[in-house]
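Each remark here refers to the structure printed beneath this line.
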There are 2 protein chains.
Amino acid sequence: MSQKNNKNNQESEFVEIFNYAGIKPTEKRIAIFKGLKMAGKALSPYDLVQYCKQNLGLTLPAVSIYRILDLLVAADLVHKLDTVNKYICCTHIDCHKPHPHTQFLICSLCQKVEEVHMPAELMAQLSAQIQSHGYQLNSPQFEFQGICTDCQALEEEAASNA
Amino acid sequence: MSQKNNKNNQESEFVEIFNYAGIKPTEKRIAIFKGLKMAGKALSPYDLVQYCKQNLGLTLPAVSIYRILDLLVAADLVHKLDTVNKYICCTHIDCHKPHPHTQFLICSLCQKVEEVHMPAELMAQLSAQIQSHGYQLNSPQFEFQGICTDCQALEEEAASNA
DNA sequence: TGTGATATGTTATATTGTAACATTAAGTGT
DNA sequence: ACACTTAATGTTACAATATAACATATCACA
C-alpha cells in the first residue's frame with residue numbers, strides 16, 4: 001500500500017469523523033483538524049497558522065482559523081483550554097459517543113497537555129460541591145495547572161547547578 | 001469619628017497589610033489594592049485602569065497596573081484567575097498566615113467570582129490524583145467555570161419567553 | 001545634600017481577538 | 001446548463017491585551 005493510499009485513508013477517516021459530527025468536511029477544516037492532531041499538543045490559533053504553513057504548506061488567515069476552531073469546538077472534535085487559550089484535539093474522536101468528564105493537566109512551564117481520566121466518583125463529588133455553592137457547570141471539563149515530570153527534572157537540575 | 005478618620009484607618013490598615021507582606025506600601029500600590037477590594041469582583045488590568053480613574057480619581061497607565069498586580073500576586077495579596085485573565089483581592093488578607101487551597105467559582109456569563117472552601121479531603125484527593133499523573137501542582141488554586149444562580153434564573157426566564 | 005536603588009511613567013510595538021464587508025464555492029431547483 | 005440562494009472563506013481594518021526598552025521621578029540612607 002502506497003503512501004498516497006495511506007494518506008487518502010487518513011483523509012477519508014477525517015471525512016467520516018466530520019460527517020458523524022454533523023459538519024461539512026471542507027478542505028480547510030480537515031487541514032486544521034489534521035494539523036492539530038499531528039501537532040499532538042495544544043496550539044493557539046496563531047500557533048496553528050504557523051503550523052499549517054510549515055507542515056502542511058497551507059497559508060490560512062488567522063480569522064479563518066478562529067472561525068473553524070470555534071466550529072470544531074462546537075462539534076466536540078476539539079477542546080478549548082480556557083486557562084491557556086489554546087486548542088487541543090479531542091482524544092475520543094474515534095469512539096463515536098458523548099464522552100464523560102474530561103480532565104486536562106497542563107504544564108505551566110512547557111505547556112504540555114495531558115488528557116487524563118480521574119475516578120468518576122471523585123469528579124462527581126467535585127461537581128456536587130461546586131453545585132452546592134450555586135454554580136452549575138457548563139461543561140464537564142476541568143483544567144488543572146501543574147508542572148510535568150520533565151520540567152520538574154529540569155528545575156531540579158537548574159537548582160543543583162545554582 | 002469622622003469619615004476622614006475612617007479613611008485613614010482603612011489606609012493604615014492597608015499599610016499594615018503591605019508591611020506584613022513585605023512590600024513597600026506606596027500610594028499607587030495601595031490605590032490599586034484598594035480599588036480591587038472596593039470593586040468586590042475580578043477585574044482585568046484595563047478594567048482597573050477604568051475603575052481607578054472613575055472611583056479613585058487616579059489615572060494610571062496600564063503598564064503600572066500590570067507591574068503592581070504582578071507584585072501583589074507575588075505577595076499573595078491578590079489572586080490571578082488564569083481562566084479569565086483577571087485579578088481578585090484575596091479574602092484572607094486579614095488572617096496573617098499562609099492559607100490552604102483556594103477554590104474559585106467563576107460565572108462564565110456574568111464573570112462573578114466566588115472564593116469558596118471545599119472539603120479539605122476532597123481537595124487532597126484531587127491533588128493526589130493530579131500528582132499520580134506526574135503533575136506537581138504549582139499553586140494550590142483551582143478555578144472552576146460554571147453559571148451562577150442569578151444567570152441561571154435569567155437563562156430560564158429567557159427560555160420561557162422564547 | 002548627594003547618590004544609588006527602587007518605583008513609576010513614556011513610548012513603541014508585539015500579540016491576540018473581532019467586526020464588517022467582499023469574494024468565492026457549493027448546493028438547489030428549473 | 002442556468003440563475004439563484006446559501007454557506008464558506010478571505011480581506012481589511014481595528015480593538016483589546018500584553019510586554020519591552022528606556023526615561024524620569026522618588027525614596028532611603030550615608
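In case you wondered, yes, glycine gets a Cβ from its N, Cα and C as well.
Per TrEMBL, these features apply:
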BINDING   A:C107, A:C110, A:C148, A:C151  Zn(2+) binding site
Residues sitting within 8 A of the centre of the A:C107, A:C110, A:C148, A:C151 CB atoms (Zn(2+) site), not counting those, run A:S108, A:L109, A:Q111, A:K112, A:I147, A:T149, A:D150, A:Q152
Cβ-based proximity (under 8 Å) of the binding-site residues A:C107, A:C110, A:C151 to chain B, or none: A:C107
Select one residue from A:C107, A:C110: among these binding-site residues, choose the one with the most other Cβ atoms within 10 Å of its Cβ. A:C107
Among all chains shown, work out which of the binding-site residues A:C148, A:C151 has the most CB atoms within 10 A of its CB. A:C148
Through the lens of DSSP with three states only, how would you label A:C151 (Zn(2+) binding site)? helix
